[in-house]
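Engineer: Per TrEMBL, the features are:
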{"type": "TRANSMEM", "residues": "45-65", "note": "transmembrane segment"}
{"type": "TRANSMEM", "residues": "77-98", "note": "transmembrane segment"}
{"type": "TRANSMEM", "residues": "143-166", "note": "transmembrane segment"}
{"type": "TRANSMEM", "residues": "172-195", "note": "transmembrane segment"}
{"type": "TRANSMEM", "residues": "202-224", "note": "transmembrane segment"}
{"type": "TRANSMEM", "residues": "236-256", "note": "transmembrane segment"}
{"type": "TRANSMEM", "residues": "277-301", "note": "transmembrane segment"}
{"type": "TRANSMEM", "residues": "321-344", "note": "transmembrane segment"}
{"type": "TRANSMEM", "residues": "398-419", "note": "transmembrane segment"}
{"type": "TRANSMEM", "residues": "431-448", "note": "transmembrane segment"}
{"type": "TRANSMEM", "residues": "454-473", "note": "transmembrane segment"}
{"type": "DOMAIN", "residues": "483-532", "note": "domain 'Cationic amino acid transporter C-terminal'"}
{"type": "TRANSMEM", "residues": "485-504", "note": "transmembrane segment"}
Amino acid sequence: STSSSWTSSFFSGFFSSAVRSKPLISTPEIPLRSSSGEGLLRRLGLFELVLLGIGASIGAGIFVVTGTVARDTGPGVTLSFIIAGASCVLNALCYAELASRFPAVVGGAYLYSYTAFNELTAFLVFAQLMLDYHIGAASIARSLASYVVSVLELIPFLNNSIPSWVGHGEEVLGALSINLLAPVLLALLTIVLCWGVGESAVLNSIMTTIKVIIVLFVIVVGAFEIDVSNWTPFAPYGFKSILTGATVVFFSYVGFDAVANSAEESKKPQRDLPLGIIASLLVCAALYIGVCLVITGMVPYQYLGEDAPLADAFTARGLKYVSLLISFGAVAGLTTTLLVGLYVQSRLYLGLGRDGLLPPIFSKVHPEHHTPVHSQVWVGIVASILAGLFNVHSLSHILSVGTLTGYSVVCACVVALRWNDKASSNRSSGIVYLCMVAFSGFSTGLLFRFDASIVIQCAAALVAVIFTGGLCLRHTYLEPPGFRSPGVPILPSISIFFNLFLFAQLHYEGWVRFIVVSIISVVVYAIYGQHHADPSQHHSSMLYQRAP
C-alpha cells in the first residue's frame, strides 16, 4: 500500500507540475533599465534582424536544393517554392504576432507554448526543436568544411593534396566518419558568438551581404542565358510532383524563428520583430524564385547535376568564373546559417536554464560580454562531436520534425492566447478542436502520400473545416495590442493543417524519432524538470538594457 500511495502521489505531483503555465506579462510592465546587470545587450536594429533571418534561411540550399528538386518537378519547381513560401508566410504571421505581444525575452516557440498551454508541452517543443538544431548545425558544419576544402583546392599547389579526413569526411569502422575541419570551424564560430552579439551580428551582416550579392549576380548573369523553350512543359510530372516538391523546399525558408529568438537583443522589439520576420521571409522567397527560373531556363531540367546543379549549369554554358563565385557564395551562405543556428540554440538553453527546466549553469550570462557563454560552449561541443565523428547527412531525413511541430504549436498558441473566455470547459473544447484540425491535416497528408482516392482525401480535409468552424463559433477573440495576425482562428488553422500535411510526407524514421524524443523528454522532465521549474519567475534577476 505504501508503494501504491507513493505512485499515486508521484503521478499527482507530475500532473500538477506538467499543467503549470507561465503568466503573460504585458510588455510595459517589464522595465528597460539601463544598468550593468547580467542581462543581454540590446544591439540589434531592424536591418540586422532582417539580415539575421536571411542569414539563417539561405545556406547552400539555394545553390543545391533548387536544382535537385527541379530534376523531380521540372520548371514547376518555381511553383513549389511559391506554395512553400506562402505556407511559411502564414506561420510567420503567427510568429510575428507573438513576438510583438510577449515581453522581449529569449525563448521563441518554447516561451509561447509555456504561456499558452503548459510546462510539459513547452519542454517537448524545446526537445524536438533542439534535436533539429543540433543535427542541423553538425550537418551544415560538415558541408561548410567540404566547401572550404574545395575552395582551397583551387590553389595550384594544394590541388588534390588535401586528405579526405580533413574536410570531406573519411569512413572508419563502418559507423564513424572522421572530419577534422568541421569541429575547428565550429570552435571559431563559438568564440565569435561568446565574444558578443554585436561582433557576431557584424560577421553575419558582412557574410549575408556577400551571399545576397552573389545570388543576385548569378540571377542577372543567368537571365541572359535563358532559353524560354526549356520552360515547356512546365509541370512534366503533374501537380502532385509540385506539391511533393513544396514539402521538400519548405525547409529552405526555416530561419525566421531565429528573429523571434533574438527578442532580448533587439533595440525596439515590439516594432522590429514582426517587420524583421516578414521582410526576411519575403526577400528569401524572391531570391529562391529568381534562382529557380534561371536554373530551369538555362539547362533542360533532365540534365541538372545532382551535387552542384547551379555551378554545373554555368560550367555547361562556358561561364566557369560564375561557378567559382558560387563556391564562395556557398561558403558565405553556410557560415551565416551555422552562426545563426548556434546563436539561436544558446538563447533557447538560456531560457530553459532561467526557468529551472535545465540546470542553472545554462542561465549564466557573462558580465562583460553579455553572452550566455556556458550555453554557447555546450552547443558548440555537441555540434563538434556530431560533426567530427558521424556522417550526419544520413540523419537529414529525421530533420524538420521539430520545425513542423514547433510551427504548429506556435499557430495554436496564437489562437489560444486570443480566447476571451478563460473558462476551463470552453478552453478544453478549443484545445480538442485544434487537435482535431491537426489530426485531419496529418490523415489527409497520409492519404495523399499513399495515393488514396480524392474523395477520401476531401472527406479527411472536411474534418478540419468543420472544427475550424467550431473554433470560430464557440469562442470570442480578443484584439491584442501590437501586431495582429489577420484572420484568427482561420489562418492559424490553415497553417496547422498544412504543417501536419507536410509532417505526413516525412520519412517514417522521422515519425519514430518524434515518438522516441517525446518519451525521453517526458522522462527527463519527470526526473529533473518538474522539481526545479519555476514558471512564475518574472526574471527579476535579469535587467533589460537599452541599446547604447
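Placement of Cβ uses the backbone N, Cα and C atoms for every residue, glycine included.
Predicted automatically and left uncurated, TrEMBL annotations should be read as such.
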Engineer: Please give the sequence-distant neighbours of the transmembrane segment (202-224): residues at least 6 beyond its ends with Cβ less than 8 Å from one of its Cβ atoms.
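Structural biologist: Distant Cβ neighbours of the transmembrane segment (202-224) are 47-48, 51-52, 54-55, 58, 62, 192, 283, 287, 290-291, 294-295, 297-298, 310, 313-314, 319, 322, 325-326, 328-329, 332-333, 335-336, 339-340.
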Engineer: Residues sitting near the transmembrane segment (398-419): Cβ under 8 Å, six or more positions beyond its termini, same chain?
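Structural biologist: Distant Cβ neighbours of the transmembrane segment (398-419) are 24, 90-91, 94-95, 97-98, 101, 109, 112-113, 115-117, 121, 125, 128-133, 135-136, 139, 250-251, 254, 257, 426-427, 430-431, 434, 438, 471, 475-478, 480, 485, 488-489, 492-493, 495-496, 499-500, 502-503, 506-507, 509-511, 513-514.
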Engineer: So, does the transmembrane segment (431-448) come close enough to the transmembrane segment (77-98) to give 3+ Cβ pairs below 8 Å, pairs being at least 6 apart in sequence?
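Structural biologist: By the criterion, they do not touch.
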Engineer: May I ask for the residues of the chain that lie six or more residues beyond the transmembrane segment (236-256) and have a Cβ under 8 Å from a Cβ within it?
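Structural biologist: For the transmembrane segment (236-256), the far contacts come to 53-58, 61-62, 65, 69, 72-74, 76-77, 79-81, 83-85, 87-88, 91-92, 95, 277-278, 280-281, 284-285, 288, 301, 337, 340, 399-400, 403, 448, 502, 505.
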Engineer: For the domain 'Cationic amino acid transporter C-terminal' (483-532), what are the DSSP-based totals of helix, strand and coil residues?
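Structural biologist: Residue counts in helix, strand and coil order: 39 helix, 0 strand, 11 coil.
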Engineer: By Cβ distance under 8 Å, which residues at least 6 away from the ends of the transmembrane segment (431-448) in the same chain are close to it?
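Structural biologist: Residues 117, 240, 243, 408, 412, 415-416, 456-457, 460-461, 463-464, 467-468, 470-471, 474, 493, 496-505.
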Engineer: Take the domain 'Cationic amino acid transporter C-terminal' (483-532) and average the pLDDT across it for me.
Structural biologist: 92
Engineer: For the transmembrane segment (277-301), what are the same-chain contacts with Cβ under 8 Å, counting residues 6+ beyond its ends?
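Structural biologist: Distal contacts: 49-54, 57-58, 62-63, 66-67, 70-71, 73-75, 77-78, 81-82, 85, 88-89, 92-93, 95-96, 99, 212, 215-216, 218-219, 222-223, 225-228, 230-231, 236, 249, 252-253, 255-256, 259-260, 309-310, 312-314, 316-317.
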Engineer: Check the transmembrane segment (45-65) against the transmembrane segment (321-344) for contact, please; criterion is three or more CB pairs under 8 Å, pairs 6 or more apart in sequence.
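Structural biologist: Judged by the Cβ rule, the two regions touch, with the required three close pairs present.
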Engineer: Six or more residues out from either end of the transmembrane segment (321-344), which same-chain residues have a Cβ under 8 Å from its Cβ atoms?
Structural biologist: 52, 55-60, 62-63, 108, 133, 136-137, 140-141, 143-144, 147-148, 150-151, 154, 185-186, 189-190, 192-193, 197, 200, 203-204, 207-208, 210-211, 214-215, 217-218, 221-222, 255, 257-258, 261-262, 308, 310-312, 314-315, 376, 379-380, 383
Engineer: Under an 8 Å Cβ to Cβ limit, what residues of the same chain, 6 or more beyond the ends of the transmembrane segment (143-166), are close to it?
Structural biologist: 59-60, 178-182, 185, 324, 327-328, 330-331, 334-335, 338, 387, 393
